[in-house]
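*Asks:* Residues or ranges marked as domain 'Formamidopyrimidine-DNA glycosylase catalytic' in TrEMBL: 2-180. Among the features that TrEMBL reports, region 'Disordered' is placed at 54-119. Annotation comment: TrEMBL describes 54-63, 73-85 as compositional bias 'Basic and acidic residues'. Look at TrEMBL and you will find 93-106 tagged as compositional bias 'Low complexity'. Marked as domain 'FPG-type' by TrEMBL: 280-316.
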Amino acid sequence: MPEGPSVRKFHHLTSPFVGQQVVKTGGSSKKLNPASFQSLWFQDTQVHGKKLFLRFDPDEETKSPGNNPLPEPLRKGERKKEAGDQKQALGPDSQKISDQSSQSDSGDNGSECLGGDSPAGGAQRWLQVSFGLFGSIWVNEFSRAKKANKRGDWRDPIPRLVLHFGSGGFLAFYNCQMSWSSSPVVQPTSDILSEKFHRGQALEALGQEQPVCYTLLDQRCFSGLGNIIKNEALYRAGIHPLSLGSLLSPRQLEILVDHVVEFSTDWLQGKFQGRQNHTQIYQKEQCPAGHQVRKEAFGPPGGFQRLTWWCPQCQPRLPPDEPEQVQLS
């Protein structure tokens with residue numbers, strides 16, 4: 001799924017629409033009725049880690065500027081299009097949505113609409129958006145097929161939700177789960193891209209007697225940190241992914257947290273500047289020093305296993321304790 005820097009960019013993409021009213025809707029979601037957004041006012045947007053929160057109200061309760069300009073890095077890359085007819089409201093291949101929704105982006109499930117299909121009837125006015133693999137938000141344009149599917153068809157992805165606003169612009173959401181809630185769940189002290197990120201709490205969590213690669217992916221401690229950031233930070237800090245945090249020195253833990261924040265921040269800045277993310281170990285066969293890279297799946301017993309890339313020479317394993325290695329079966 002998209003990591004913190006990607007979701008932060010999604011947050012910036014939605015921000016210019018705050019204060020505007022939804023005038024037309026579309027999308028393939030059956031768990032969350034797209035028509036329930038009709039005439040609602042988009043009032044706020046917040047981000048925490050890998051989750052995006054959007055507030056919708058039935059009335060224009062607050063006066064927010066509806067035509068906020070996009071940040072300069074985003075304006076350069078945005079392709080502006082006018083909202084068109086009903087086909088555009090629904091997205092590409094809209095005439096086939098009803099019979100193809102089960103084949104569209106994965107993510108719909110029974111928990112998607114925890115608070116009903118509309119926020120207008122109660123206090124649940126925050127839409128929580130969790131993105132799946134290849135999840136994304138597009139502004140004023142739809143995603144297009146980049147290659148043929150397994151059947152050889154060049155079929156454009158079908159958006160889960162499309163919201164057209166009074167300004168003429170629209171947002172298209174792909175491969176995501178959505179649910180209504182009464183308030184956003186935000187803990188900035190654990191968000192690696194928040195100004196309020198608490199280094200002391202992060203260092204305490206990493207010092208546990210368990211492999212550091214497990215702790216890094218714990219969203220309670222490092223919200224927004226995903227597999228790419230995990231691999232890159234560990235390599236740049238010279239730490240073996242299965243090293244017990246309790247065996248690492250305070251200086252090593254400090255360096256690891258530094259690389260987590262630095263890599264994440266640089267990745268986010270690169271997204272705004274149109275730079276491609278540069279990785280040194282993730283999905284590589286050799287490290288920058290020319291050593292052979294190893295790849296295995298690690299994760300806590302009974303937990304989710306994630307592919308991990310590391311260099312045995314640049315990231316030596318600490319003796320004498322060697323934690324049990326959990327591999328993907």
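The chain as shown is numbered from 1 upward.
Glycine is treated like the rest: Cβ placed from N, Cα and C.
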*Asks:* Using DSSP, how many residues in the domain 'FPG-type' (280-316) fall into helix, strand and coil?
*Replies:* 0 helix, 12 strand, 25 coil
*Asks:* Per-residue pLDDT averaged over the domain 'Formamidopyrimidine-DNA glycosylase catalytic' (2-180) comes to what?
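*Replies:* Mean pLDDT for the domain 'Formamidopyrimidine-DNA glycosylase catalytic' (2-180): 75.
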